[in-house]
Amino acid sequence: MSKKIKVLVVDDSPVFRALLSEIINSDPQLEVIGAAEDPYQAREMIKALKPDVLTLDIEMPKMNGVQFLKNLMRLHPLPVVMISTLTQHGADATLMALELGAVDYFPKPSVANTADMLGYRSLVNEKIRMAAQAQVGANQSMSPAVASSSAVSTSQYQLIAIGASTGGTEAVKHLLSALPASMPPIVITQHISAMFSGPFASRLDASCALSVSELTQGEVALKTNHAYVAPGDKHLMVFRRGGQLYAHLDDSPAVNRHKPSVDVMFGSVAESLKGKAIGVILTGMGKDGAQGMLQMKQQGAITVAQDEQSCVVYGMPRAAVECGAAMHIKPLNKLPQFLCDLLS
């Protein structure tokens, strides 16, 4: 029998510590080896128990989870999954935690997300199992140099489509912040909660030369020098009307358990742009995006996957490589210049 993944739960609520411990212990691959009520207790337990994964509440007395994470990543980096409230403040704190090196997050249980308690259990345990295999700090060490580009307006490529999941909030930020302002329209599907997609787009906008916004209305004409982020609860699809490209939001069911789905976006890009697009698949667990990227390649588009070494989780890019969808494989820090060279 393979060794169980050792988990340390850090949360100030005794009720939630008990609930989360029970959920984690119900998975045969996982084992809760301890539960701490605050970061100070957690620090001692990490030294003594050597957990494989930490679940960390954001809101705690004495020291909040984000501050503790900052210290932890400096002194004793290990895979951390944040536990967040689905609020504006929770979104900002969670995105900051992901920036500092947390692998992933899941929401605190609420009436809304625990109506399907089995689904909630499997989400929590899947994220913890995946975190145990993550390359902590992969994003941090891969900051790309700012790319330069010329003649983007005359490029044959009229759109760039980017798909990402776990580890993607930072990978997308690293990629976009290294791109020049003169780019064709960029559409982004990042697996993220609906409450978080707006703040995610705002953070990107603040760190990029491009103008970045969340797509909020049904239909938008796509503009050069702009990037558009799918909201966390709708598919982003691209279509052409006359000579103009548009994005629209689609409320059909989840695909590959995801909404927004990268496959849906890539599939629509393949159909509407044929060979005049570039598809990029970044870090993330699962296989979403691989089949859509294959459609793009078959239609003549250029396709590129992030390499294993620079991924936090080499799941989606691996699936794209294995099914033959990815024409190029690049480390994150080489992607911005690679895209600019294609456009030039």
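The backbone N, Cα and C atoms fix where each Cβ goes, glycine too.
Long-range Cβ contacts of Ser165 (active site) within its own chain (separation 6+, distance under 8 Å): Gln190, His191, His258, Val262, Thr283, Gly284, Met285, Gly286, Asp288, Val313, Gly315, Met316. What Swiss-Prot records for Ser165 (among others) is active site, and it gives sequence analysis as the kind of evidence.
In the three-state DSSP scheme, His191 (active site) falls into the coil class. Within 10 Å of the C-beta atom of His191 (active site) sit 27 other C-beta atoms, taking all shown protein chains into account. As annotated by Swiss-Prot, active site applies to His191 (among others), with the evidence given as sequence analysis.
In this structure, Asp288 (active site) belongs to neither helix nor strand by DSSP; it is coil. Look at Swiss-Prot and you will find Asp288 (among others) tagged as active site.
If you look up Swiss-Prot, you'll see 6-123 marked as domain 'Response regulatory'.
According to Swiss-Prot, the domain 'CheB-type methylesterase' annotation covers 153-344, on the basis of sequence analysis. Mean pLDDT for the domain 'CheB-type methylesterase' (153-344) in the predicted structure: 96.
The secondary structure of Asp57 (4-aspartylphosphate), as reduced to three states from DSSP, is extended strand. What Swiss-Prot lists as 4-aspartylphosphate is Asp57, and the listing cites sequence analysis.
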Under 8 Å Cβ to Cβ from Asp57 (4-aspartylphosphate), same chain, six or more residues apart: give me those in sequence order, or none if nothing qualifies.
Val10, Asp11, Asp12, Ser13, Phe16, Gly65, Met82, Ile83
Which number gives the other C-beta atoms within 10 angstroms of the C-beta of Asp288 (active site), all protein chains shown included?
30
By DSSP assignment, list the helix, strand and coil residue numbers for the domain 'Response regulatory' (6-123), in that order.
58 helix, 26 strand, 34 coil
Through the lens of DSSP with three states only, how would you label Ser165 (active site)?
coil
